[in-house]
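TrEMBL lists ASN36, LEU38, GLY63, GLU85, ASP111, ASN141 with the feature S-adenosyl-L-methionine binding site. Annotation source TrEMBL lists domain 'Ribosomal RNA adenine methylase transferase N-terminal' at 43-234.
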Amino acid sequence: MAGSGTLSAFRLPPLPTIREIIKLFRLQAAKQLSQNFLLDLRLTDKIVRKAGNLTDAYVYEVGPGPGGITRSILNANVAELLVVEKDSRFIPGLQMLSDAAPGKLRIVHGDVLTFKIERAFPESLKRQWEDDPPNVHIIGNLPFNVSTPLIIKWLENVSCRDGPFIYGRTQMMLTFQKEVAERLTANTGSKQRSRLSVMAQYLCSVQHILTIPGQAFVPKPEVDVGVVHFTPLVRPRIEQPFKLVEKVVQNAFQFRRKFCYRGLGMLFPEVERVESTGKLLELADVDPTLRPTQLSVSHFKSLCDVYRKMCDEDPLLFAYNFREELKQNKSKNQEKEDDKEKHRL
């Protein structure tokens with residue numbers, strides 16, 4: 001790999017524009033994959049600048065598509081750029097970029113949801129969790145259909161300090177539908193407050209950096225796009241297993257317009273629901289008449305800590321799923337109705 005002295009002088013040679021690449025390889029955004037191309041290099045440059053100083057950095061780009069953001073990253077004097085692209089139609093255009101930047105761009109034809117990045121970059125990049133973030137960055141213009149499952153997957157990785165976060169507190173700069181970006185960054189009490197708000201904010205510092213108008217993309221999506229920056233916190237604001245936090249938060253937001261005791265009650269079997277929900281809220285010192293959107297991360301910390309103790313006391317509690325109980329009750333009721341029908345005959 002080239003030394004840092006040559007990296008500082010690097011600039012991509014003249015290349016076909018992204019529009020020309022799209023024409024050359026007859027690329028069309030696949031609607032079923034929620035693809036939208038960002039062609040304005042001034043905007044892609046702006047996104048990359050907002051990611052911070054990328055000089056000599058190792059960057060993992062997800063969903064590069066025809067390579068707009070890819071070009072801006074390469075022009076930011078990175079040490080190496082790894083791109084993971086699922087759609088094989090984009091590989092030839094990316095290969096053209098790789099040829100123009102020898103030793104800089106590594107292309108993987110694969111699915112970002114299953115790709116293992118743990119061994120992608122040098123071991124020497126790893127930092128202690130308490131240290132400053134490593135010189136590793138994740139950047140991506142995500143297809144809308146994978147953005148939410150992917151950020152939940154990566155948040156779980158943050159919690160476990162594995163995946164892309166085996167190197168330390170790796171920073172992320174990602175695009176989402178504006179509405180999703182607003183949910184990720186929503187404050188307590190706002191209409192956009194949601195499960196995503198709490199799950200992201202208990203683990204990371206989250207900032208809505210930039211809004212890009214839909215008309216900047218081809219094809220133009222029906223919504224604007226938000227660019228969100230994530231920096232994992234040195235210490236999570238809730239120190240419980242990710243799956244436990246996720247279960248409490250998901251249930252709390254089951255009935256977002258009702259009082260919080262309604263959704264939190266779904267954590268418990270029907271026969272003990274009223275008593276156990278009351279105990280949970282009392283011990284956590286949470287007002288049962290607050291709406292889910294009014295619950296702060298501190299509220300959720302108290303709820304998760306108390307729920308954990310209740311699960312420790314009753315090992316079967318964490319495995320309880322209210323939907324399964326509903327199904328079983330429905331099945332039992334149907335059997336009773338069938339029996340009654342037989343007796344009538």
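The backbone N, Cα and C atoms fix where each Cβ goes, and this holds for glycine too.
The average pLDDT the prediction assigns to the domain 'Ribosomal RNA adenine methylase transferase N-terminal' (43-234) is 93. A simple Cβ count within 10 Å picks out one of the binding-site residues GLU85, ASP111 as the most packed, and that one is GLU85. Sequence-distant neighbours of GLY63 (S-adenosyl-L-methionine binding site): residues of the same chain at least 6 apart with a C-beta under 8 Å from its C-beta are VAL84, GLU85, LYS86, VAL112, GLY140, ASN141, LEU142, PRO143, VAL146. Residue density at ASN141 (S-adenosyl-L-methionine binding site): 27 other Cβ atoms are found within 10 A of its Cβ, drawing on all protein chains shown.
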